[in-house]
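Here's the structure we're looking at; comments come further down.
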Amino acid sequence: MESTRCRSQQLIIFAVVFLGTLHNWIVGAELTFTLPDIVDDFEKITDHSTEKFPVQRSTYSTKEGPEHKSSFLDPIDDRHPSPESSISDPVSCVRRRRMIYPSGLFSIEDRRHGWVALHVFGMIYAFVALLIVCDQFFVPSLGVIMEKLAISDDVVGASFMAAGTTVPWFITKLIQVLYYHNDLTVNINPVIGTTAFRMLFVIGTCAMFSAKVLPIRCWPFFRDLSFYMLGLILLIIFFLDSVVTWCESVILVTIFVCIPQSENDAQDPGDCDEECGNENNGGCKEKKFVESKLLQGATSLSLRWPDKWQEQASYIILLPIILPLWLTLPDVRTRKFFVLTYLTSIVWIGILSYLERWWAHQVDETFGVIGPINYVGALMSSSDFITSLIVARKGLGDMVVSGNLGSNIFTMTLFLPAQWFLYSVIHGFSPVAISTEGLFCSSSLLFVMLLAAVISIISFKWRMKKLLGLTWVLLYLIFVVISILMVFQIIICSVLC
């Protein structure tokens with residue numbers, strides 16, 4: 001029975017990878033930004049290696065900028081847009097993104113004369129559509145997976161929820177390596193930014209906006225955190241010599257393979273309650289597979305004409321998105337095509353997130369700056385953030401925590417090493433260059449924040465209260481502020497690596 005479950009999980013994950021490949025060929029490369037992550041993960045914002053031809057400093061400015069650099073804002077190299085060119089020439093500061101996005105129907109001048117309002121409306125529209133997909137299809141499909149495979153919510157979060165939000169990004173990176181054949185220079189700071197965002201901001205926000213206090217079991221938390229810390233420490237060790245070899249990539253993938261794939265293998269039946277001091281949530285309580293809370297309140301999309309005029313107005317506005325969703329996404333409550341619903345919803349999430357970031361980019365481009373609206377669009381298109389909020393509102397705190405930690409584990413021990421290994425194979429098993437600037441300072445800052453997060457959750461007796469959420473969000477803001485201070489050398493890290 002256990003082998004059948006594991007085989008079913010492997011088949012579903014294989015299908016996710018296949019459909020994610022198809023999705024990324026359709027959607028194309030994803031947008032990159034230049035500030036700490038408020039999106040699917042930090043590397044999407046900071047990665048400057050998505051172009052076919054590397055951009056030199058002269059592309060942005062003829063003046064040589066200050067010598068201070070930031071691993072937080074630019075983990076690849078020191079190619080930053082100069083303030084002068086970014087303001088006076090909005091086209092030059094986004095030249096490298098032209099290969100990522102089409103130019104659109106309207107020129108910059110047309111948008112400045114009022115047509116930019118359509119892009120703002122498109123951002124709001126795509127965000128509403130993303131909410132519908134996550135709430136009505138993706139999250140309920142996770143509930144059916146939980147029931148069919150008879151696994152707990154934390155296991156679903158650490159596996160299927162994490163895979164569903166990170167596989168499209170992984171396929172995009174593989175396409176970049178295979179198609180563009182560009183030089184691959186990596187840094188640990190995107191991983192650090194991802195952890196800070198998911199671990200502190202996303203989980204903290206979920207605790208703040210949850211309908212009730214969410215109990216957290218200590219075993220899933222320490223299980224996922226331990227594997228994450230193991231992967232992070234190995235990354236830091238492998239990065240010390242400024243290269244990653246194919247052997248080191250294989251070691252990281254082996255760590256992922258060795259992670260227990262079932263609850264029976266992963267959990268020791270020892271008494272965890274005494275250690276956690278948690279009487280309310282039961283720590284390592286006896287497992288009961290009941291009807292998933294993820295399916296509670298799920299409704300199917302209806303094309304029926306409503307009676308009230310307010311609902312009729314909403315119906316007309318949302319029909320362009322409701323109709324294609326109704327045609328392509330099976331009702332998950334039937335449970336017959338839940339795998340198709342799960343996979344297709346991932347494709348829709350990728351498409352809508354791409355549109356969200358594209359239109360946000362064009363709004364920023366219209367006003368000659370790259371930043372504010374992009375970050376708003378990045379947050380609005382974050383499937384991790386939206387999915388976690390929905391799950392938290394349904395009362396599944398363990399799934400929220402395990403899902404975000406699981407995404408980090410997937411990224412560090414499977415997706416990034418697989419990308420590096422493929423690059424090494426293509427280039428005759430040559431190592432991947434690593435930028436170790438700020439490695440010690442950024443990793444030390446992360447460990448301090450994680451330690452503070454663990455101490456705080458123990459202090460709150462393993463309950464995700466609103467005050468705990470506020471504490472974690474404040475920790476994330478402290479992380480961002482310190483990062484910015486290090487960028488402008490107000491805080492100087494004297495350690496070279």
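Backbone N, Cα and C define each Cβ position, glycine as well.
TrEMBL labels come from automatic prediction, so no person has curated them.
According to TrEMBL, the protein carries these features:
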- 12-33: transmembrane segment (TRANSMEM)
- 55-89: region 'Disordered' (REGION)
- 64-82: compositional bias 'Basic and acidic residues' (COMPBIAS)
- 115-139: transmembrane segment (TRANSMEM)
- 120-258: domain 'Sodium/calcium exchanger membrane region' (DOMAIN)
- 151-171: transmembrane segment (TRANSMEM)
- 191-214: transmembrane segment (TRANSMEM)
- 226-246: transmembrane segment (TRANSMEM)
- 312-330: transmembrane segment (TRANSMEM)
- 337-355: transmembrane segment (TRANSMEM)
- 339-484: domain 'Sodium/calcium exchanger membrane region' (DOMAIN)
- 375-393: transmembrane segment (TRANSMEM)
- 405-426: transmembrane segment (TRANSMEM)
- 432-455: transmembrane segment (TRANSMEM)
- 467-492: transmembrane segment (TRANSMEM)
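For the transmembrane segment (405-426), the partner stretch with the most Cβ pairs below 8 Å, chosen from 151-171, 226-246, 312-330, is 151-171. Of the ranges 151-171, 191-214, 226-246, 337-355, the one with the most Cβ pairs under 8 Å to the transmembrane segment (432-455) is 226-246.
Summarised by DSSP class, the composition of the domain 'Sodium/calcium exchanger membrane region' (120-258) is 114 helix, 6 strand, 19 coil. In terms of DSSP helix, strand and coil, the domain 'Sodium/calcium exchanger membrane region' (339-484) has 118 helix, 5 strand, 23 coil.
Beyond its flanks by at least six residues, the transmembrane segment (115-139) meets 106, 164, 294, 298-301, 318, 321-322, 325, 329, 332, 341-342, 344-346, 348-349, 352-353, 355-356, 359-360, 362-363, 366, 376-377, 380-381, 383, 386-387, 390-391, 394 of its own chain at Cβ-Cβ distances under 8 Å. Contact counts against the transmembrane segment (312-330), taken as Cβ pairs under 8 Å, peak for 337-355 among the stretches 151-171, 191-214, 337-355, 467-492. Ranked by number of Cβ pairs under 8 Å to the transmembrane segment (191-214), the listed stretches 151-171, 337-355, 467-492 are led by 467-492.
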